[in-house]
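Peer 1: The structure follows.
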Amino acid sequence: MAYNRLDDDYFDNRRPMNNRPPPHRTPSPGHPLQHGYQLDDAPYGRPGLNSASNLDIPMGPGRHTPSDQLQLHTAHSMANMSEPGYQQQPGGYRDEYSVNPEQHHDAYYNPTYTPTPNEAQTPYGEPGYEHDGRPLLPQQDSYGQYSDNPQQQQQQQGGLKRWKTVKRVPLYMGNLVLDCPVPPKLLNQFPHGERDEFTHMRYSAATCDPNDFYDEKFTLRQRLFSKPRETELFIVVTMYNEDEVLFARTMIGVFKNIEYMCKRPESKTWGKEAWKKIVVCIVSDGRAKINPRTRALLAGLGVYQEGIARQNVDDKPTTAHIYEYTTQIGMALKNDVVQLLPRQQPVQLLFCLKENNQKKINSHRWFFSAFGRVLNPNICVLLDAGTKPGGNSIYHLWKAFDLEPMCAGACGEIKAMLGTGGKNLFNPLVAAQNFEYKMSNILDKPLESAFGFISVLPGAFSAYRYIALQNDKNGQGPLEKYFAGEKLHGAGAGIFTANMYLAEDRILCFELVTKRNCHWILQYVKSATGETDVPDTATELILQRRRWLNGSFFAAIYAIAHFYQFFRSDHSFFRKIAFFIEFTFNTVNMIFAWFAIGNFFLVFKILTTSLGDETLLGTTGKILGVCFEWLYGVSLITCFVLAMGNRPAGSGPYYLAMIYFWAIIFCYLLFAAVFISVKAIMADAQRGLSVPELLKDQVVVTLILSIMSTYGIWLVASLLMFDPWHMFTSLVQYMLLSPTFTNVLNVYAFCNTHDISWGTKGDDKPDKLPSVSTKDGAGKADLPDEADLNTMYERELAVFAQKHVEEKKALTPSQLDEKQLDYYRGVRTVVVLLWMVTNFGLAAVVLSTAGLDRITPNTNAETKEQRATIYMAVVLYSVAALSGFKFIGAMWFLVVRMFRGV
């Protein structure tokens, strides 16, 4: 078979091949000097033996070529590279098949090519006589008929095959760029016509930093069409070592969204060709870290091929391997098995496989600074592998930007994945997190959206306007602040800044809204939903919340301390007043979060002590109070001990016991509150008080206020949002685990402020020693001659010829790490002590304990009781006011949404 150029009148099959160029003509992509590759089955000037079997592959825009025809002059065409992940199937192809990842894994760490072929013969003779115009093709027709005996074929193929000819691949603009034909098994599953974006995968070996990608003349396929494609939506899926099920879950949701937008023919932006305006970027954090099964799935989609990547280009190490392909293969999940479905909606895929593990923020830098600068998209959507967007959620996110020109960022509702029939709700940890997520999306996010500033747009599912992210001409701006956290390593990084950048998405939100001379706002889009897995074990939950709590706490302090930056923005006076109100609200919330552990103990102490009253439980109440106080103290001390010196992974049973202890304590608290309230109401009823008189009773008013400010507002807001089911399926679990959130998670987070890790570590490699080149068993090395020996000797003499001056040596990386860790531990001690002392002081002042009763010995019991009552009233009224404020904001969001439609 042969490759023929399509729609090219310049090529005449009746003429013999003439490599000499006509005078005054330079090569062009449409009419190259070489009119075709001379193949054994179709020499120059003659058609093949079977012209029907010729595969037409376009080589550039011809006279009648559509505007989206690719130009292949920007890449070196590599034909028929080995594809080990697939076995040829007799009798055609199956409509559906699963990925076989083991073959990819077995061959993944093999060298990318074999410089010295094992076989004695090559397809075209000796390598020294290889014709430069011949493509890398095996002698056998790779697109021919398949073997009728698959077992025999498998034996012949053996392991991973490497083509016998080693060719010199020219560089384009100093960069290695290859256009590689996709496997025949993949190609024949869908109609591809003349589009080489379907027939070829493009590989680029990036040998630069993401910030230099554009300047180093790297480009992407969308800019290589005759009419470069405009990118409206640029979607990134970041992953580390997620398996193929989690990855497929995300990609299925993305594919459904693209299909939904292609089915909107009346839209001015979308329609049948909408997929050309959408690029899906997959960034994997580390070549050694990627899950081999996920890598095999990417190969199944056509966007990855084994054996193509190169470690170095001209002695420059490759930093990222970039694969581009427009796939027509879909996916389906059946019983946690991924199946590939052919003939689906085309999707432009960009797969970036980073050479080293450099954390998620570096993956985002590749997305924004490298690829975003090339494509210049309108809207960027951020997804984590494992988060499944709803069938039209990405469209609704985009619509929010379309309706509001000043919207710089938007997020949707993050849902906890509950499994089939809600089976995951049987796990109390999942149910409690489900309730937490729901109430945050019903009260917190709508309130912040009503003001125009959302404290955090979750990186798992959010979107940004690309132009709003850009830095100013001085290099300062949102992206500059966002990526500053990537460089924080070593003792020079302060613990405050290091913890703050554990929640770098919060910093990005703050920098967007306060951008100089701009008036960008952030919005919450309830119509956009994304499902994600939540931790289902205590160990995973503790580790996750450590980063969340520390990052959000220090980022909130940063935002409050830099509130003055709002005045550099171009927001209106009333918008700035609204921001001031919101930040005041956030400050009050942060103060309550700081004193949460002290407030919880005070409520516990007051209620359990009250049960010892003679009108209630009397002596029994006193005994129970002492027992539960001891249980409380032991549990809290245990939490501190575990947090200060143990890893959660090695203390799972202890933390599980703590969860049960705190749940028992909460049950006793709930019993005390209900019992005291019922006794008070019964006493009032026996005195014959009317309803108006009952409402004047302090106990009754406190009871009603506390219930309505929490459960009442939760229920009403959930009903108004048409999402009340979590109140019936997850409320009890959340109540039982709320002491765990307050005590266990907060204690572990504050006791580990020195730990600024994300849970993943980079691949630190030792420095390489000078190498020795060997040939025929003999090594070559640079050895000094006599003159060099003399020079070196004189230099040694000069070292001690003068007085010794103390030289400050740079610390080694291990010493820097140890110094940094010691510094962080010291600051951790100060933070924990300050936190404990302030909370203990609050409890001592309210209860007149810890020696304060000796300072004021004349204080009677009635005064102490009155002080405790006043404190309880302040707490309850504050909680009620904060909840009411959230409710008002959520209602305003609901009213605005009725008119906006999003």
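Placed from the backbone N, Cα and C atoms, the Cβ positions cover glycine too.
Per Swiss-Prot, the features are:
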type     : residues : note
REGION   : 1-68     : region 'Disordered'
COMPBIAS : 1-15     : compositional bias 'Basic and acidic residues'
COMPBIAS : 19-30    : compositional bias 'Pro residues'
CARBOHYD : Asn80    : N-linked glycosylation site
REGION   : 104-161  : region 'Disordered'
COMPBIAS : 111-121  : compositional bias 'Polar residues'
COMPBIAS : 139-150  : compositional bias 'Polar residues'
TRANSMEM : 449-469  : transmembrane segment
TRANSMEM : 547-567  : transmembrane segment
TRANSMEM : 577-597  : transmembrane segment
TRANSMEM : 623-643  : transmembrane segment
TRANSMEM : 656-676  : transmembrane segment
TRANSMEM : 699-719  : transmembrane segment
TRANSMEM : 731-751  : transmembrane segment
TRANSMEM : 830-850  : transmembrane segment
TRANSMEM : 874-894  : transmembrane segment
Peer 1: At least three Cβ pairs under 8 Å linking the transmembrane segment (623-643) and the transmembrane segment (731-751), pairs spaced 6 or more in sequence?
Peer 2: yes
Peer 1: Please identify the stretch among 547-567, 577-597, 656-676 with the greatest number of Cβ pairs below 8 Å relative to the transmembrane segment (874-894).
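Peer 2: Result: 577-597.
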Peer 1: Rank 449-469, 577-597, 656-676, 731-751 by Cβ pairs under 8 Å to the transmembrane segment (547-567) and hand me the top one.
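Peer 2: The stretch with the most close Cβ contacts to the transmembrane segment (547-567) is 577-597.
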Peer 1: Within the same chain, where does the transmembrane segment (656-676) have neighbours whose Cβ lies under 8 angstroms from its own Cβ atoms, ignoring anything closer than 6 residues to its ends? I mean 6 or more beyond.
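Peer 2: For the transmembrane segment (656-676), the far contacts come to 538, 603-604, 607-608, 610-611, 616-617, 624, 628, 631-632, 635, 638-639, 642, 699, 735-740, 743-744.
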Peer 1: Which bits of the chain, at least 6 residues beyond where the transmembrane segment (449-469) starts or stops, bring a Cβ under 8 A of a Cβ in it?
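Peer 2: Long-range Cβ neighbours of the transmembrane segment (449-469): 234, 238, 360, 364, 368, 372, 376-384, 387, 389, 393-394, 397-398, 400-401, 407-412, 414, 477-479, 482, 503, 505-506, 508-509, 512-513, 515, 518, 520-524, 528, 530, 532, 552, 556, 559, 575, 578-579, 581-582, 586, 889-890, 892-893, 896.
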